[in-house]
Amino acid sequence: MINISFPDGSVKQFAQNITAFEIANAISMSLAKAAMVVEINGEFKDLSTVIEHDCKLRILTAKDYECLEIIRHDAAHLTAAAVKELFPETQVAIGPAIENGYYYDFARDKPFSRDDLATIEAKMQELVKKNEKITRELWDRDKAIEFFLSIGEHYKAKIIASIPAGEQITLYRQGNFIDLCRGPHAPSTGFVKYFKLMKVAGAYWRGNSRNEMLQRIYGTAWATKEQLDNYLFMLEEAEKRDHRKIGKELDLFHFQEEAQGMVFWHDKGWSIYNTIEQYIRKKNRKNGYIEVKTPVLVDKSLWEASGHWAKFRCDMFTLETDDKILALKPMNCPCHVQIFKQGIKSYRDLPLRMSEFGLCHRNEASGALHGLMRVRSLVQDDAHIFCAEEQITDETVRFCKLLTEVYKDFGFTDIKVKFSDRPEIRAGNDEVWDKAEHALKTAVEKVGFIYTLNPGDGAFYGPKLEFVLTDAIGRQWQCGTLQMDFVLPERLDANYIAASGEKKRPVMLHRAILGSLERFIGILIEEYAGKFPIWLAPVQVAIATITNDLNDYALEVQKTLIDNNIRTDINISPDKINYKIREFSNQKIPMIAVIGKKEQANKQVTIRKFGTTGQEILSIEQLIAMIKKENSNYL
């Protein structure tokens with residue numbers, strides 16, 4: 001007999017060589033029917049797995065979040081099986097689960113059409129209804145290569161050929177379809193019920209542009225119909241909110257081929273950019289940061305000394321001049337260390353909080369560029385805190401509080417924290433890492449954040465915190481970071497005089513709240529769907545006249561508002577007032593000030609707020625006071 005330990009703490013005895021499915025069935029028939037996979041001693045396995053020894057066991061159903069990846073992997077196989085039935089001449093390549101879905105790569109001469117996707121999806125539904133059994137098979141490597149070559153699946157044969165000789169190969173069979181896979185998989189195709197094929201795109205074999213182009217079918221799959229419907233609704237909403245679309249509609253920015261990955265900011269977009277920078281600058285100043293400006297172009301010798309040349313050389317833009325190699329900086333940290341090193345620093349100077357809106361350049365692949373979300377030229381709300389070891393916790397607490405304030409001001413209150421601890425390959429000894437990790441954990445707990453652990457995901461030079469925002473339609477964005485660094489101060493020979501009189505290395509905390517300003521503005525455009533709050537809106541008040549004889553008063557109102565640093569637009573054309581209001585509403589301007597004869601006579605305006613039907617009559621002084629009060633909360 002063997003002892004099986006369950007998650008509830010119970011231990012039960014079963015006959016040796018029992019399968020996981022038989023254990024599920026012994027517990028209850030309904031559990032066995034719902035079971036998808038099993039976790040044995042922390043490793044996910046098929047239900048057909050034979051258990052020979054004592055173990056910890058957990059039976060998983062579609063209700064367990066871990067099964068979502070299984071469902072998506074099963075859906076990928078289901079897609080390939082459907083394609084092979086419909087288009088037998090097509091070769092299959094690879095099909096992994098990815099975030100929110102899966103893809104499968106195919107090789108065929110004729111491109112898949114939209115109609116083909118609908119046909120494939122219908123065939124998948126047929127296979128689900130058949131509830132075909134999914135079985136795991138162990139094959140000899142060479143025989144597996146021979147088999148796939150015999151059925152014309154050259155890509156599968158190539159993948160297997162890259163596996164060391166002598167290794168056993170795992171194949172999964174469902175109906176007439178067989179695929180190379182490590183697994184695990186559900187017992188049958190009937191477990192994949194809620195899916196949709198999304199699109200077709202090109203993809204190079206093995207991700208190498210020198211290889212042949214394959215066709216990649218993307219799909220999504222979920223555990224319930226509600227989850228699928230919610231995801232499709234989110235995608236539909238995301239398409240409406242696409243920052244590239246709204247950016248064009250609101251005349252905020254554009255991109256063009258002559259400067260790939262570089263933003264052409266228009267006046268309204270640049271207004272948003274500068275307002276955010278002004279806001280962050282004020283927050284930093286209140287929290288004891290100094291602001292600096294460092295060169296954009298720096299000799300490669302500094303990047304070699306910092307270690308960035310060895311690690312990021314391929315991602316850096318370089319040029320040669322006067323027998324020197326210069327690089328556009330991809331980050332600000334080595335330059336900040338140079339400022340720290342100017343003059344002798346004492347323990348009394350710490351912590352030194354140094355901020356910069358530093359212009360950085362990164363040579364991102366053209367295929368990875370995506371509007372404001374992924375660019376080659378970017379500015380970060382970057383700062384580095386030089387501190388003593390004993391100051392790490394307090395500085396982290398201070399930063400977390402500042403970050404929370406900033407996110408709240410932009411409307412984000414759902415903040416998730418990820419804590420990444422020591423990787424296997426790392427600098428520093430365990431004692432240093434123990435102190436560093438304890439300091440960060442203590443700080444996060446003091447602020448009241450609940451964090452999830454990313455084991456071993458820290459940088460080799462220190463642990464880190466990542467801060468993830470959830471937007472209005474449920475998407476998550478990792479923006480803020482706090483990264484501890486023991487290595488860079490040593491590499492660049494930064495030190496301070498301790499109270500004892502000896503030289504010590506400062507600890508360096510790399511931190512950002514927004515991350516790239518370009519990306520954060522993209523996130524905000526989609527979060528607000530272009531409807532910016534009044535303090536951030538590029539045009540705060542739009543003035544519209546009912547008749548032309550009111551134009552002089554309207555221009556007088558505009559001048560008064562501009563003199564009070566209020567951003568305005570005006571339409572004094574002969575167009576009808578309803579047309580003017582509609583045009584300004586399409587631009588999502590927070591306030592429209594309508595001027596008629598009555599308003600002129602009383603030195604007033606009638607205010608229509610965006611998204612509301614009501615109106616409010618205000619004096620010019622009242623309007624100015626209202627907007628100034630709103631601005632003063634942030635700027």
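Cβ atoms are placed via backbone N, Cα and C, with glycine included.
Record note: Swiss-Prot gives H384, H510 as Zn(2+)-binding, and the candidate from C181, C314, C333 in that site is C333.
Same-chain neighbours of the Zn(2+) site beyond C333, H384, H510, judged by a C-beta within 8 angstroms of the site's C-beta center, are, in sequence order, M331, N332, H336, D382, A383, Q483, D485, L488, M508, L509, R511.
Counting every protein chain shown, the Cβ of H510 (Zn(2+) binding site) has 22 other Cβ atoms within 10 Å. Helix, strand and coil counts from DSSP across the domain 'TGS' (1-61) read 14 helix, 28 strand, 19 coil. Averaged over the region 'Catalytic' (242-533), the predicted model reaches a pLDDT of 94.
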